[in-house]
């Protein structure tokens, strides 16, 4: 009798024992020999699909470095009452895996604007710039003219494919904006007279939120947060009258410019007829959407990432029934924000929701009979200065203290050692006395892990990030690759852009 939970990985035809609640079975060498046999057999049987991808779904875990994937795996398993280390996440069940280099043209460690530009437009660019090639200079409007980089959004739309965006950040934030906007400054999200104003307009630039609503043809579906950049300062927020819009140009982008349907709560989201023809803009929060840990405690009218994304897939599938397919971008945006605050509970719980979303979408595609026609790609824009270790014993609470030689103390100061720590961040002056360490509640969302170097926010990190892929041409996403090749590989699989006439395209 095996005292473990059996996790069956259907998508990859690999049956492996995972999700264990104790590790006694692992003491027997035959256990590991069988794991190896299953792994080898799966790889021998694996085939490569070279059919044209009808649909492409691109998942981005913002700030989701490999350390976050591993710690998130443990967190997800432990949420299910397991040890955690041997758990297998949804993204880890994909058939192909590679690594992407995240540097940009002028920085060793990049930001979401430059990396998302590489991911969507297929060219590397300067830090802080959106939808521009490497000749544009940050915050220099005139340098952006003539240097716009077309994105996979354009490549798909030009051939009649539907497109959608689902994020938990503001929809005008760096990652989603890099797919539809062109701006030499990521902070030019709205006409607020602080970051963007009359000077930039006179030089011929348009704020990012306005570029979204002016886009022609419009994006079929945009769901996320960030109402404040769409309304003028005299307009109270629709959900909280104590808040006002941020625009100082007296323009309501929703009332004056947007030609499609606007929604702001999940009740209205579920009233939408699937496959309806009008473009949809859903802004479910005044600013960034809430961390999943907070949202689930009091959902109100704010949908989860999985709720938005599963609606988007069903809607785009319905729209595409008699026509071409679709491109959908889904981002777990706030993993990154939590890491900046050195709050690992928020970061890993948002990772879990992101991974759950991937699994739910895979099951919808399977049920609709289109999984084999859909390329799925999961990656990150960059990593963060997040690490975990500390010699922790098997099954240790990922947020808690580790063990050193079975003693829960450091050999240097004789105090407990945190499993999770940051290379830099706001909690650099973390106390190392017994009273403070005994008072910590690791499971509280407000808990900040210790940081080595002083910074007001923890920084990004520069190491490569994982790329998981499944579906047609997923074998292109193996080895170490430049981040900018990912857009091209997705387009190649779907016969979009420069690849619409490649060999094998209809």
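Positions of Cβ are set from backbone N, Cα and C atoms, glycine also.
What TrEMBL says about this protein:
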- 112: active site, phosphoserine intermediate (ACT_SITE)
- 62, 173, 175, 331: Mg(2+) binding site (BINDING)
- 62, 336, 340, 381, 382, 460: Zn(2+) binding site (BINDING)
- 1-18: signal peptide (SIGNAL)
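Over all protein chains present, the Cβ of residue 331 (Mg(2+) binding site) has 28 other Cβ atoms lying within 10 Å. Taking the C-alpha atom of residue 382 (Zn(2+) binding site) as reference, the shortest distance to any of the binding-site residues 62, 173, 175, 331 belongs to 62. In sequence order, 60, 112, 116, 167, 168, 169, 174, 176, 333, 336, 381 are the same-chain residues whose CB sits within 8 A of the CB centroid of 62, 173, 175, 331, the residues recorded for Mg(2+) being left out. The binding-site residues examined here are 173, 340, 382; by Cβ neighbour count within 10 Å, the least packed of them is 340. Using a 10 Å Cβ-Cβ cutoff, residue 381 (Zn(2+) binding site) registers 29 neighbours. Sequence-distant contacts (6 or more apart, same chain, Cβ under 8 Å) of residue 175 (Mg(2+) binding site) comprise 60, 62, 112, 116, 167, 169, 331, 333, 381.
Reported as a whole number, the C-alpha separation between residue 340 (Zn(2+) binding site) and residue 173 (Mg(2+) binding site) equals 16 Å.
Cα of residue 460 (Zn(2+) binding site) to Cα of residue 173 (Mg(2+) binding site): a distance of 17 Å. A Cα-Cα distance of 13 Å separates residue 173 (Mg(2+) binding site) from residue 336 (Zn(2+) binding site).
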